[in-house]
Amino acid sequence: MHRFIASTRVVTSFGYFLTIPLLGSIALQAGAMAPAEVGLLIAVHTLCRRTFAVPVGLLCDRWAPERVLVTGLLLEAAGYLVLASSMSFPLWLVALTVDGLGGLAYNASSKVVLADAATASAFAGFYVATNVGAFLGPLVAAGLSAAGAPRAVFAISAVLYVASAVAAVVRFRRVRRPSAKVTSLWRQALAPLADRGFAGYCLLTVPLWFGMSLLVAALPLEAAGRGLGYLEVGLINALNALAVVLLGKRVGRRTDGHTLPQRAGTLVCSALFMAVGCALCIAQPYWTLYTAMALLTAGELALFAAAEVIAVQLAPAGSTGVYLGYMTTAWAIGGAAAGLFAGALLDGSAAGRLGFWLSASLVLFADAAGYVLLRRRIARLQLVS
């Protein structure tokens, strides 16, 4: 099961990163769309891909995650087929809405399937497979687009998603998982919020998702302020993806079998790596930027090895999907905050730059302290029990 998820993830992530990173450029150049239209396309796609994680988690718990996975892949395939068929803004808006919802369903259901093992290596393998596509996809897309074949990018993505959907239908055609037996849908949806331990843990993960999102949200703006170009930004992102591919599974295996306090300790390390990385960005020499991004990558590896595994361990039977849905919502909040604050403060001014990186560093140091307290509290509770 886990190998199948990882295999389809390599294929679909390649299709995703083949298309989405260059979507704006293709829309502007080949599609002759206005910047405002491009912004709306990207915003709608992002909104659909992250916002409805809790309802999709409920659907996984009640309807079986394998069915949601197949449905998500079919929706994504349909979205890419529409993208490949036309360069029309209205059609692209519909296509990206469908693709975003399909991507949310596929990602959420894959994690619920992986949660059966509740191991760090299973989740780490999922993100390793994702980063294989992140490393290769943009390179192939850039080559095809530069050669004058931007529509080929969407066509290849559509073929990859259709193939993955067919494989999933065949693989899961006989799977029959029992639905969660609960008396109230609302009670199941709100139960994680009533779980004070999980709700507090979820809040603590927001700064970590913020820190992980800085490679996308803040790096381009910081690089522009330092006079660096596309090559440097692309190189750092490629190295980040390569590091996750090479080290992600190994980090996951090393943390398999860890207790909850030990996993909380892993997140202490994650927050500290990111905090020091943000602090280094305050300095001007070029080497500090590369070192800072390496530390953010180290924090990302630690985050993937522990964050969602803890959520799975805290979730009662039959509620894994909704608990992971809240974790994805925390990711969405952290990622959105990174984009908003980076856009507001990294405006080229020295004061804005100092304010952003100093604030980010302090928040992450405070988050590390929060995880230290959480780790001690969990250890005390386990001793009492």
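Including glycine, each Cβ sits where the backbone N, Cα and C put it.
Between the stretches 12-32, 33-53, TrEMBL puts its transmembrane segment entry on 12-32. Listed by sequence, the residues of this chain that lie at least six past the ends of the transmembrane segment (267-287) yet keep a Cβ under 8 A from its Cβ atoms are 204-205, 207-208, 211-212, 214, 222, 226, 228, 293-296, 298-300, 302-303, 306-307, 310, 353-354, 357-358, 360-362, 364-365, 367-368, 371-372, 375. A contact between the transmembrane segment (354-374) and the transmembrane segment (89-108) is absent, since fewer than 3 of their C-beta pairs, 6 or more residues apart, lie under 8 Å. Counting Cβ pairs closer than 8 Å and at least 6 residues apart in sequence, the transmembrane segment (12-32) and the transmembrane segment (322-342) reach fewer than three and form no contact.
The stretch with the most CB contacts under 8 Å to the transmembrane segment (293-315), chosen from 89-108, 120-146, 198-221, 322-342, is 198-221.
Tertiary neighbourhood of the transmembrane segment (227-247): same-chain residues 127-128, 131-132, 134-135, 138, 215, 219-220, 286, 289-290, 293-294, 296-297, 300-301, 304, selected by CB-CB distance under 8 Å and a gap of 6+ residues from either end.
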